[in-house]
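The Mn(2+) binding site annotation in TrEMBL covers Cys75, His356, Glu397, Asp427. Per TrEMBL, the feature phosphoenolpyruvate binding site maps to Arg114, Glu270, Arg271, Lys293, Arg324.
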Amino acid sequence: MFEEADEKTRQALAAWRDRPAKHQPVYPDADVERATVNYLRTMPPLIFAGEADSLTKEMARAGRGETFVLQGGDCAESFADATADRIRAKIRTILQMAVVLTYSASVPVVKLGRMAGQYAKPRSNPLEDRDGTELPSYMGDAVNGHEFTVQSRTPDPRRLVEAYQHSAATLNLIRAFTQGGFADLTKVHEWNKGFSANPAYHRYTAMAGEIDRAMEFMRAAGAYTESLKTVDFYSSHEALILDYEDAMTRIDSRTGLPYNTGAHFLWIGERTRNADGAHVEMLSHVQNPIGVKLGPSASREDILRLIDKLNPEGREGRLTFITRLGANKVVDVLPSIIETVREDGRPVTWMSDPMHGNTISVGAFKTRRLDDVLDEVRGFFAVHRQMGTIPGGLHIELTGDDVTEVLGGSEAIGEDKLGERYETLVDPRLNHQQSLELAFLISEILRESF
Ligand code: TRP
Ligand code: MN
């Protein structure tokens, strides 16, 4: 299925090594690093080239307004949380959000997990200081441990293999759940079991009742088809650790073209999106659909050079810009970003990340207000509507669990409640209920605009 690269391809795939690479771990032993990466190269691909191509087509459809992309999952996955229960809860949350959008707004939804590989994080400070002791910052389970000890915080390349193995197990479970009956639309009620006591869930329960009746009608009418039982669920993560991404890059034997086989969709973060940097260089040579996060500082030149580099031929669905501007900036800043892309003419799929521009500190906690998240979403849709461009999807940090990390929502999580179940290792995530509230809001906006 995957084969050796020819000389020209080999050179293209190695070009990133001559570019500046930000946010890379410094390993104590280069020999162990090399041996580990070579070992990873022998491991099977996690995805198949044809699947990445299918997602490119879906992203193209999203760019034309024919479908809507829902990308969600943890800020950082952790090895300890790669359990059946946690994975199922996340899939279930994304499916519930998707069904709200599909049913309430009659919009098809592309399900894209920020899952099965989201194990590495760029950090603003490479070192963390606790009471005068300095250690390397936690960079995600693929790099080092969260525990604040010398041993745990020292980057260990063997964690890359562990990240691969957890990704494989997670993706296997995703495939089993989404193809094996769990995602069947006759199960919409069951997905909410254990949550339904909360009055805020009445809306979901009511909708699930309507879907049940629709399903019974379809069955009675002989129109109950396979597509109601399964979903295509794609994987994605930030392409950060170049050693890992390089090891997962393979040549598809059918086309002779390189694919990153570690996930269907890869994105480049706001901190590593320099058009001359190693991350952009590496992903410019693979065929997968690629996302780039754009913050308020993204200049006209940045944007044009990213398109030149990542989508020179203007293939639809290849390049997605994920704007993360902040609720108070989106209306001011997004129009000029859109204008730059429109003048260029090459197609881009637009998504909003309403999380990362809205992070605040409350005491010792990093948090976000659900109201700010919703405001950025509203601003994103409003600006696109005004400019005549297409809002193609949302990128959300969420968990399927009942955590208290984001302020607000119908449970009214206040500042005094943050400490109750604050479990994230990095950024605050919407809990199960806040995710559903967001989905209902989007469905209302979509109903007006699709
Ligand atoms: N296969 C369709 C889809 O993915 C319908 C569907 C089946 C569905 N199970 C689902 C939609 C769960 C949302 C959630 O859209
Ligand atoms: Mn994050």
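Cβ from N, Cα, C; glycine included.
Features recorded in TrEMBL, as mapped to the structure shown.
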residue : record                           : DSSP class
Cys75   : Mn(2+) binding site              : coil
Arg114  : phosphoenolpyruvate binding site : coil
Glu270  : phosphoenolpyruvate binding site : coil
Lys293  : phosphoenolpyruvate binding site : strand
Arg324  : phosphoenolpyruvate binding site : coil
His356  : Mn(2+) binding site              : coil
Glu397  : Mn(2+) binding site              : strand
Asp427  : Mn(2+) binding site              : coil
Arg271 (phosphoenolpyruvate binding site): tally of other CB atoms within 10 A of its CB: 17
Binding-site residues near Cys75 (Mn(2+) binding site), in sequence order, restricted to Arg114, Glu270, Arg271 and a 10 Å Cα cut-off: Arg114
Annotated binding-site residues Arg114, Arg271, Arg324, filtered by Cβ under 6 Å to ligand 2: none
Additional residues surrounding Mn(2+), by Cβ distance to the Cys75, His356, Glu397, Asp427 centre under 8 Å: Met355, Thr359, Val426, Pro428, Arg429
For phosphoenolpyruvate, whose listed binding residues are Arg114, Glu270, Arg271, Lys293, Arg324, the greatest C-alpha pairwise distance in Å: 18
Closest of His356, Glu397, Asp427 to Lys293 (phosphoenolpyruvate binding site), Cα positions, binding-site residues only: His356
Residues satisfying Cβ distance under 8 Å from Asp427 (Mn(2+) binding site), sequence separation of at least 6: Cys75, Ala76, Met355, His356, Thr359, Lys366, Glu397
Cβ-based isolation winner (fewest other Cβ atoms within 10 Å) among the binding-site residues Arg114, His356: His356
Glu270, Glu397 as binding-site residues, winner by CB count within 10 A: Glu397
